Amino acid sequence: MKVHMIGVGGAGMSGIAEVLARRGHEVTGSDLKESPYTRRLAAAGVKVYIGHEARQVGDAEVVVISTAIPKTNPELLEARRRSIPVIPRAEALARILAEGRGIAVAGTHGKTTTTSMIAHSLRALGENPTALVGGELNDIGSNVIFGREDLIVAEADESDRSILRLHPQAAVITNIEYDHPDFYASLEEVVETFARFVAGLPPEGHLVLCADDPRCRRLAELAPCPVTTYGLSGGELRARVLSPGSYLLFEGARKRGEVSLGVYGRHNVLNSLAAAGIARWLGHDPLEAARTLGSFGGVRRRFQLKGERSGVRVVDDYAHHPTEIMAILDVARATAAPEGRIIAVFQPHRYSRTRKLYREFGRAFGRADAVVVTEVYGAGEMPQPGVSGKLVVDAICETSDRPEVYYVPDQEALPEVLRMISGPRDTVITLGAGDISRAGEELLARL
């Protein structure tokens, strides 16, 4: 089949394009700008156009669009004019999952790392799955793992309810919190989306979910299939944390053994338990599955060490929600040099999220010694009156355990500010889903 993909340069779309091309489809794509993903697609034999023009649709039999594509896109308009079937990214993913035993990883936080851990563990156990991940695995430098066509692991996106298009055989739900205020008016709406997703699982399928999350626990009652629970405080698979990167695994009441991970943090302990739960569903020993993650190299922009110079450690993370930020700052603290400070550099992501969650952001940064806030990364949203990085700064200043706070709206000024306020033994961590990571890279160049 001839497939044209509009907005092919993102992590989700590029992965689907690679899988379709590998499976014999003739794939073309377009995006506004060149990126590592478009370059890799081109190297894989996919024709990628930079920019959007009607003629680039060619003789496609189906057109796939990403959620970022406006209705006025010339290629989309051309496909509509010619009555070429147009499907969203989630539908293309659903069709791939339907070709075999599909495993979808969902949740507000931790989807990318958990998907990667499942793929890593199943590969080590000899299952050889195909995996579509929303980020780049450090071990292979790609967001796609090619393996069996009848076993597929994929990240499921709840941000616009497109998760409801997926009908996997098994699913993981890591946690449920309020996010994506550009689409959901309340937490209840988010919960309802996950509930509908769970209700759609087949009776012969399986659900793995976090018992530490009360909203996840409620979903277990709705599942039409067997359920495996995991957690730190309860669940069939339970962990007792021993250090930032190790824990004792319990299966039911039985102590199984110690596990060491290749990544740090209580959140990654939970992610690894989810991976062990999926492996157990496939007939593997959960302890053996968890222990394979000792060689897990992590995911790009997930507590990624960018370098160390003049005694200053620079780390980058994708965290852009208050809960994620708290978890990452805890890891930074646990792995910091003695007496070293934690300097957080935050780029708020989306005006809608900043407006809804600025108070929660303020409380989250109480774990840092200093916070530098820059301007909001709009991610396609129009600016909103009164919504800027200053909103987060003011919220931090209102907290009782407030750190030093700096408001630097000009991102170009960040590296020099960071050079001036950081010193030996300090950890500087850039946080956000936009382009904040380059501030850390430029800081390293100046130290």
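Keep in mind that glycine also has a Cβ here, set from the backbone N, Cα and C atoms.
The annotation ATP binding site is assigned in Swiss-Prot to G107, T108, H109, G110, K111, T112, T113.
In the structure as shown, the Cβ atom of G110 (ATP binding site) sits within 10 Å of 24 other Cβ atoms. The ATP site is set by G107, T108, H109, G110, K111, T112, T113; from the centre of their CB atoms, other residues of the chain with a CB within 8 Å are V105, T114, T174, N175, N271. For K111 (ATP binding site), the same-chain residues that are 6 or more apart in sequence and have a Cβ closer than 8 Å to its Cβ are V105, G134, E155, A156, D157, T174.
Within its own chain, H109 (ATP binding site) has T174, N175, E177, H267, H321, T323, E324, A327 as residues 6 or more apart in sequence whose C-beta sits under 8 angstroms from its own.
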